[in-house]
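In what follows, a structure is listed as structure tokens, so that the remarks can point back to it.
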Amino acid sequence: MVRFISFTSPIAALLLLSFGVKHASTASTNTCIVANSDSDDAITIAEAFEKCKTGGTVVFPKDSSYQLNSIVTTSDLKNVNINFAGTIHLPAREESYRNGDYYIQIKGTHIKMYGGGTINGHGQAWYDALDHTAPSVLRIAANDSIIGGFTIINSPRAHLNVTNSTNLVLHDFTLHTVSNNSYLPKNTDALDLYHSSGITFRDSMLTIGDDCVAIKEDVEKVIVSNVTCRGGHGYSIGSLGIGGRKDYVKHVNFRNSTCIDCENGVRVKTWAGGKGIVEDINYNDIILQNVDNPILVTTHYCDPNVIEYCNGNDDNSLNISSIHFKDITGTASALGNPIVNVNCSIESPCSDITFSGIDITKASNTTDNVCVYLEGSDEVSECSS
């Protein structure tokens, strides 16, 4: 079911020689072309990865199409190229997938994934059912890897879920999820990050229904650059500290990115009662066009179903410090919310939050900026406008 090419054959050896010594020395040992299954292409995809998981190349040919009827889990990949030029269709909505972690997992070290292919999440059935419990489309747990250059459409939930990864570059993604009716796609974050370090996300176009980027628990050393997001919930730190959990996020740089018609622009959100730290977060050269909440820092994040817990723990949250907003420009929406809204906790006030080059045009009904429990707010000009 998997076409398996050995590079020990005489023909393959001649091909390698034709590419020169440099290419031959770095070429993968085997190539596995993913075939179709009679019942579930998840089976043949798994076979291809198993046969080429060490030093191989897995190929989804251009114009090929694959229908998944179960999840795909790959692990222990080492020095693997994934030439993803085809189309993968995720399964139809079924109860068995509710609250699952992912549909496809890529896990290993030194992975290169490219090719211009498409994953179609067929999320409309989930939106129509008001069911926000679908798995993420693609989970990545990869070290020293480069993944990108392909498209995810109609995601039933988060598009990219990155966890337990180090030194990972994500680039040139097109993520496009919209509903064809009034039932909107919920929880369809473009990128969620967990338990990772040294992550770059760049050069991507996003049209989604939730966070453009959500940097969640225990993440550090992140760069987000040259990303355009439409209709999302902004470039977010968090949410963090749910249920009193101890989390951290530090050393994050968002730069040269745009948010258009977004609910939030740049945002830090932590739960009431949470523990831990958020520090050294930098937003530079961000354009916000028609955004409801341009700059938002809150330690009072909560879900309606646990509002009693949040109200009882509202006096403290994570320690938020060294958050810098520089050259944030654009326009606020007609919703009338403040340009700057910093709302921290009495027992864990925010500190060292700075603003420079903030040039966001107000709507006629925009209310005054808010700075609550921000140390040194008397000396912050944005807190008096």
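Placed from the backbone N, Cα and C atoms, the Cβ positions cover glycine too.
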C344 pairs with which of C350, C371 in a disulfide, per Swiss-Prot?
C350
Let me make sure I read this right: Swiss-Prot says C212 forms a disulphide bond with another cysteine. Which one, out of C229, C262?
C229
For the C-alpha pair, I'd like the distance in angstrom between N226 (N-linked glycosylation site) and N343 (N-linked glycosylation site), rounded off.
29
I'm trying to understand the geometry here, so how far is the Cα atom of H233 (active site) from the Cα atom of N161 (N-linked glycosylation site), in Å to the nearest whole number?
17
Taking all protein chains shown into account, the Cβ-based neighbour count within 10 Å for N180 (N-linked glycosylation site) is 9
Contact set, same chain, for the repeat 'PbH1 5' (350-376): CB under 8 Å, 6 or more residues outside the stretch:
288, 294-295, 297, 299, 320-344, 382-385
On the DSSP side of things, how many residues of the repeat 'PbH1 1' (165-195) fall into helix, strand and coil, could you say?
0 helix, 13 strand, 18 coil
Name, in the order they occur in the sequence, the residues of the same chain whose CB lies under 8 A from the CB of N256 (N-linked glycosylation site) and which sit 6 or more residues away.
S225, N226, N284, D285, I286
